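Pulled from Swiss-Prot, these are the features on record:
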ACT_SITE  S56  active site, charge relay system
ACT_SITE  H96  active site, charge relay system
ACT_SITE  D122  active site, charge relay system
REGION    165-176  region 'C-terminal short (CTS) helix'
TOPO_DOM  1-16  topological domain 'Cytoplasmic'
TOPO_DOM  37-179  topological domain 'Lumenal'
TRANSMEM  17-36  transmembrane segment
Amino acid sequence: MLSLDFLDDVRRMNKRQLYYQVLNFGMIVSSALMIWKGLMVITGSESPIVVVLSGSMEPAFHRGDLLFLTNRVEDPIRVGEIVVFRIEGREIPIVHRVLKIHEKQNGHIKFLTKGDNNAVDDRGLYKQGQHWLEKKDVVGRARGFVPYIGIVTILMNDYPKFKYAVLFLLGLFVLVHRE
């Protein structure tokens with residue numbers, strides 16, 4: 001049987017202790033947001049950490065791998081580099097390798113991508129009439145990764161009840177934990 005001792009702990013708290021715990025929770029959330037914003041500034045990427053959601057980049061990256069990105073304007077995009085990009089009309093960014101670069105005489109660069117595990121290039125994924133990606137489409141470039149750590153994110157997206165259970169337990173831990 002599940003022990004509900006934590007409810008007794010919450011009931012025993014006076015208003016000041018409960019207020020302190022809620023304030024603690026707010027500080028944790030604020031700190032996490034500040035760290036995220038700081039990473040955005042340092043890396044130059046709107047999303048400095050992403051999770052690989054499909055097997056299209058195997059064997060380089062597997063579903064659930066956590067990627068660390070940078071997006072420095074001064075760094076040129078190179079063939080073979082792994083980029084994370086957004087396509088207009090799609091919410092989720094895509095992680096694929098640069099296959100070809102098309103450079104115009106004015107210095108404007110366009111490029112074509114492909115997943116390592118895919119048979120064809122990504123032109124079928126781009127919006128209709130678009131044959132190349134531009135630098136403005138890039139969210140970041142992979143600079144490092146941690147294998148399978150992001151599987152928790154995938155589980156939370158695939159199973160919303162799991163997500164709410166984890167968030168509830170984390171919130172409860174912060175409220176009940178004294179220190």
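Cβ coordinates are placed from backbone N, Cα and C, and glycine is handled just like the others.
Values in this document were obtained by computation on a predicted structure and should not be read as measured data.
Features per Swiss-Prot, on structure.
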{"residue": "S56", "record": "active site, charge relay system", "Cβ within 10 Å": "19"}
{"residue": "H96", "record": "active site, charge relay system", "Cβ within 10 Å": "22"}
{"residue": "D122", "record": "active site, charge relay system", "Cβ within 10 Å": "19"}
Counts by DSSP class (helix H/G/I, strand E/B, coil) across the topological domain 'Lumenal' (37-179): 38 helix, 39 strand, 66 coil
Cα distance (Å, whole number) from S56 (active site, charge relay system) to H96 (active site, charge relay system): 8
D122 (active site, charge relay system) and S56 (active site, charge relay system), Cα-Cα, nearest whole angstrom: 11
